[in-house]
Every structure is written in structure tokens, then in C-alpha cells.
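One structure is given below, encoded as C-alpha cells.
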């Protein structure tokens with residue numbers, strides 16, 4: 001997708017790293033002294049150590065190849081990755097390697113023997129990123145502006161060390177860019193017919209197959225998955241429905257109902273660059289309920305559904321005065337919340353099918369298109385297993401098992417996202433009226449594997465049912 005294939009730098013060469021202005025790399029990243037001039041770390045070729053990356057600029061779901069060369073044979077080195085989020089928080093990871101007899105190490109070939117991950121994984125330094133010591137608690141890495149990249153700085157250091165060891169010697173460095181939005185993708189703000197969203201269109205005239213993208217009750221407008229869909233050739237509408245300043249207030253309530261989501265689906269159908277009969281819906285967390293609810297409405301005929309760790313019903317009480325709105329007061333469900341020893345909240349009991357408002361449960365038997373459900377077996381937030389079991393049982397009963405695909409991932413948590421994004425087992429969910437930290441679950445390596453595998457299967461599923 002991107003045409004830049006390699007950028008190499010070494011300290012001795014004193015290369016100037018091209019930085020993207022919107023994301024800063026702090027001087028604090030240089031917490032190790034640099035090796036300049038004729039240091040003892042010279043290879044038998046007499047050349048300074050080098051890092052290479054190919055491609056250096058890539059989409060977030062693309063693997064990159066990183067290699068160190070011109071190093072002494074059979075020596076210990078550490079490769080560190082550091083980046084700042086858009087909020088200015090420092091995230092970092094590191095891996096220990098031993099060079100081969102030819103003085104090289106290669107992330108696609110060699111095992112990390114220590115650090116943020118173990119074994120051979122060319123993307124381990126990316127999904128292994130975690131907040132640096134001293135950063136704020138409860139951080140979750142989410143891209144706000146898809147029109148700028150994540151900028152990740154890689155440092156090669158002498159010995160098996162941690163990123164914060166002041167006496168480590170930096171031997172070489174490079175900078176990579178990770179994008180959700182490919183060149184030529186168009187981002188269009190939607191503020192019409194009461195809708196609040198962002199439409200992403202692939203390069204070209206179309207018409208394109210499309211996705212309606214629904215996230216969870218965390219609120220706001222989350223764009224990065226839709227941007228990535230458009231980068232892969234699908235029009236995608238990311239839709240806000242809760243906690244956004246342009247939606248009807250108050251923001252701690254969900255004040256839109258079925259007609260809002262039907263209007264969004266209709267907007268895609270009516271768009272001149274969208275194939276009206278090739279539209280799918282994807283939902284994560286509470287977005288699963290909205291996906292299933294919309295798909296079973298009269299006049300809505302999606303071509304496929306993708307559900308990630310979410311419920312078949314709604315636990316928030318409907319507003320009696322308005323059958324088309326939901327009085328989604330988050331606090332109304334507090335009696336079903338559970339907490340771990342640190343006070344971090346789980347909604348597993350709240351999201352059990354038997355605890356949902358009976359009249360809110362979706363008539364899953366009315367689903368008429370292929371449905372893929374992705375389950376993280378270490379989901380500590382929602383009762384995903386019980387919900388997917390109910391979906392499967394219902395579709396089996398009415399003779400629609402052929403429509404159902406179930407992906408289940410041991411060790412994966414609630415937040416199954418596009419690949420190589422770092423997992424967060426717990427994060428700050430809200431600040432007012434008091435701080436609330438939510439359990440998400442997921443063991444980092446298993447969660448990363450689930451994200452990579454499920455994303456490939458999501459794209460394959462869309463290719464099969466939307467192209």
C-alpha cells in the first residue's frame with residue numbers, strides 16, 4: 001500500500017530522522033548514551049551497526065521486517081521500541097537477541113530471549129508496547145486522528161538490558177510509521193439527518209461494498225477500524241451513538257433508538273459510491289447488540305454480520321416516554337457489576353442473557369445473513385461465551401446453523417481489535433462522577449495472536465460475502 005520500503009540509520013552515520021510534526025518523540029527517549037566514532041562495537045567489516053526496516057511506512061495491519069547487521073558475532077543486543085500516544089503518554093517495549101555468526105539478527109527469523117515477548121514474532125515489539133514506568137494508570141492506546149500515523153522509534157543497544165538503564169549504549173536507530181489510513185482514502189464527516197459519524201471511502205470511483213461500524217458503550221466516535229476497512233477497499237461508516245457532543249444530551253444517556261441506526265444503514269445504501277446490496281455490519285461489545293437488533297429490523301437487509309465479544313440483549317432500561325429512545329444510564333446497572341480485589345469493574349453478570357431486559361433480547365432466529373461471532377475466552381468484561389452459545393443454539397433450532405461462524409480464542413480478552421495493537425487488561429473507563437477502571441482481560445501474546453488471526457478471517461469473511 002505504501003511505497004517506502006526501507007530506511008536505515010546508524011549513529012555513526014549521524015542520519016537525520018524524518019519526524020511527523022503531529023507526533024513528538026521526546027528527548028527523554030534518548031535515555032542511553034550514543035556510540036559515536038570508532039567504538040569497540042565494530043564488525044569484522046569495519047562498518048558501524050545498522051538497523052533496517054522494510055517497509056518503514058506501512059498500514060497498521062501490515063508486518064514489517066526489522067534486521068540488525070554489521071554487529072560482532074554471537075553478541076547480546078537489545079532492541080527497544082518507543083512511541084508517544086496522542087495524549088503524550090510514553091509507550092515502550094524491548095526484546096533481547098543474540099546475533100548469529102555473521103553478526104546479524106532478524107526479527108522474522110530469530111527468537112527474542114527476553115523482554116516484552118519471547119520467541120520469534122516480527123511484530124512482537126508493536127503489540128508488546130506498554131505504558132512506560134511512571135505514566136498514568138489505566139491507559140489504553142487508541143488512535144484519535146487517523147490522518148496521522150503512530151511514529152515508533154527503534155533503538156539498538158549493547159547487551160541484554162532494559163530501556164531505562166542509563167549506561168546502555170545506543171548502537172543504531174530507525175523510525176517507523178504505522179498508519180490506519182492509506183493514501184487516497186477519503187474521510188468525510190457525517191452530520192445529517194441527525195446522524196453523527198465519519199464515512200471513509202477507498203480511492204477510486206466505486207461503487208464499493210460497505211460496512212457500518214459500531215463500537216461499544218464507551219462512547220464517542222471511533223474511526224480507526226473504518227479507516228482501515230477503507231484502506232482495504234471497503235466504504236465504511238463509523239457511527240457515534242453515545243457520549244458525543246453532537247448527539248442529543250445528556251451525554252451519560254443513550255438518546256437514540258432503532259430509527260437512528262436504520263437511517264445510518266440507509267445512508268450507506270443511498271450513497272452513489274456504495275453497492276446498495278453489499279453492506280455488512282460490524283459491532284464490538286455493546287455494538288454487538290446494536291448490530292443484531294438492526295439486522296432483524298424490517299427493511300434492513302445486510303449481507304453479513306460480524307460480532308466481537310458482545311451481548312444479544314440490552315441491560316439498560318428503555319425510556320417509557322419515548323419508545324424510540326433508550327435511557328441508557330450506565331449507573332442503572334450497578335447492581336450487576338462485580339469487582340476484583342483492586343476494585344476494577346466487570347460487566348459479566350450484567351451481560352448474562354438471563355439478566356437482560358426480556359423485551360430487549362434480539363430475535364436471533366430472524367437473522368437472515370451470514371453471521372460471524374468472535375469470542376475472547378479470557379474476556380473479563382462481558383459474558384461472551386454465554387451470549388455466543390445462545391446465538392448458536394437459537395440458529396441451530398431454526399435450521400440456520402449454516403449461517404453461523406464461531407471463532408473462539410483462548411487467552412484473548414474483550415478488546416479484540418485490528419492486529420498488532422497492544423492489549424490492555426484493565427483501563428480507565430470514565431472519570432466522572434468518580435474514576436472507574438474496567439477489566440478487559442487478555443494475555444498479551446495470546447491476545448495478539450487472536451487479533452492477527454481474527455483480522456485475516458474478518459477480511460476473508462467480508463471478501464466472501466460482500467465482493
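Using N, Cα and C of the backbone, Cβ positions are placed for all residues, glycine too.
Model, not experiment: these values are computed from the prediction.
Features reported for this protein in TrEMBL:
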| type | residues | note |
| --- | --- | --- |
| DOMAIN | 259-466 | domain 'BAAT/Acyl-CoA thioester hydrolase C-terminal' |
| ACT_SITE | 285 | active site, charge relay system |
| ACT_SITE | 379 | active site, charge relay system |
| ACT_SITE | 414 | active site, charge relay system |
Which state, by DSSP, holds residue 285 (active site, charge relay system): helix, strand or coil? coil
Between residue 285 (active site, charge relay system) and residue 379 (active site, charge relay system), what C-alpha distance do you get in Å? 11
Per-residue pLDDT averaged over the domain 'BAAT/Acyl-CoA thioester hydrolase C-terminal' (259-466), given as an integer: 90
How many other Cβ atoms are found within 10 Å of the Cβ atom of residue 414 (active site, charge relay system), counting all protein chains shown? 29
Whole-number Å only: compute the distance from the Cα of residue 379 (active site, charge relay system) to the Cα of residue 414 (active site, charge relay system). 5
